[in-house]
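Novice: Below is a structure I'd like to ask you about.
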């Protein structure tokens, strides 16, 4: 039998195994590349085999092909897989394939909002929103093939970590989704009203109720007696603030009933969780600013217990998370709105002192001041929130003024004198206020939102503290400062009130889609397998050619010696 020597083309051809790479193989490949050990084989069989065991749900790709045709084969395989895969576009319709571009036989159906509804309400039939049984089976099979369905279900059924909000959202209130993030609900559709109604609406109540307290102080304080302020202004503001509080509370209670999953997400939001203290702070403000024509100035202790008890229970929960550590410790979730969870202690201390419970007032003041120092130092260093807060100043920084202003008023109410402690807290607030006013150019260029209302009550509280300071230190400067700051805070509240009415009833833009609560638990757009696959192919090719050249060189050297 004629044995022909191997042809040169056969000797020069090089065969390798090309297969898809999983992320966990990167470290193994780098270790093998660093070893530098080259196995020599028979010169007539120069095939280098790279064998790896892989576990994949959609089949395996492990085929011996020549280096010249490896790219074309891999391209065909990846193209075939991409046709089967249901991609998740960044259009906000990524949940379970509910995007109109990826549905099968679902033309004309709107986005599915039942994922945020209360679990008990989702048991009812929702034929107008949910797909049919056959369509659900088709989408379930697609999610199983793609491997992303479980992650999405997990994103809905489990709470989103606090750090995920900082990573996926931007803006001072963490209400804007970053461009490289996807959400669970459609962006191009208008969501139901309750789903768009945020907990931040209680900021409107904070602004109006604090104004009632301010004008009550202007009408009754000896320092501003020369203004002859009519008590009717306090009465009108109080009568306006009470219905607003009732409407906002009733609406949010409906949201808790029908969209409890969305409320849970707001609770885990590092900024909005602080607004869960707002309803009780508003009630305390309204109690302090009640007009004398409606109720006597003597506050009953049971009123204090009614408002402070739920506030204190929520405070135990939040402060416990700050103290005990974990994913929701203070250095992870601190932001300027955290002052809102501290201010209530000082307002509750004022209410307790007026009710005659001095020891309870001192206790609340001590707890509030201790946590204020911790929050102030944490935010002053800006260690945990360097990514969430913008470099420029924003009205959100007015939150820094609220706590020391309320602390000075509370100390004066408890001990009956605006002494050294009250003045120390007041001067801290004064310095922070001035540091914000001189940078007024940084307060422009931001879009209006409901959260802006929460920036009004710190300025109003500081105005009330200035009135108390003018009572203790009566002078032209102190009285003029009190009147000026009071007019500034009232003007701001008036402007925001007009903007709110225009956005709500004229432009209908007061409640846009609340994208912040629809983020996923894990980032969906992080995987870039096609790019990574091409990069790995180039790296393997370079390594294979290097090994091939070394083997050819050694073989040629051995042939010359022979």
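Each residue's number is its place along the chain shown, starting with 1.
Using the three backbone atoms N, Cα and C, a Cβ is placed for every residue, glycine included.
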Novice: Which range is it, out of 255-274, 395-414, 515-534, that shows up in TrEMBL as transmembrane segment?
Specialist: 395-414
Novice: Quick one: which of 168-186, 301-319 does TrEMBL have down as transmembrane segment?
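Specialist: Range annotated as transmembrane segment by TrEMBL: 301-319.
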Novice: Excluding the flanking five residues on each side, which residues at least 6 beyond the ends of the transmembrane segment (450-470) place their CB within less than 8 Å of a CB in that stretch?
Specialist: 173, 175, 198, 200-201, 203-204, 206-207, 209-211, 213-214, 217-218, 221, 223-224, 275, 278, 285, 337, 339-340, 343, 395-396, 398-402, 405-406, 408-409, 412, 418, 422-423, 426, 429-430, 433, 478-479, 481-482, 485-486, 488-489, 492-493, 496, 500, 510-511
Novice: Please report, as numbers and ranges, the same-chain residues at least 6 past the borders of the transmembrane segment (193-215) whose CB is under 8 Å from any CB of it.
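Specialist: Non-local partners: 113, 116, 173, 229, 233-234, 237-238, 240-241, 244-245, 248, 251-252, 254-255, 258-259, 262-263, 266, 272, 275-276, 278-279, 281-282, 285-286, 288-289, 449-457, 460-461, 463-464, 486, 489-490, 493, 496-497, 500, 511-514.
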Novice: Checking distant contacts: for the transmembrane segment (482-506), what same-chain residues at least six beyond its ends satisfy Cβ-Cβ under 8 A?
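Specialist: Those are 204, 207-208, 211, 214-215, 218, 223-224, 227, 448, 450, 452-453, 456, 459-460, 462-463, 466-467, 469-470, in sequence order.
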Novice: Mind pulling out the one from 301-319, 395-414, 420-438 with the most Cβ pairs under 8 angstroms to the transmembrane segment (275-295)?
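Specialist: The stretch with the most contacts is 301-319.
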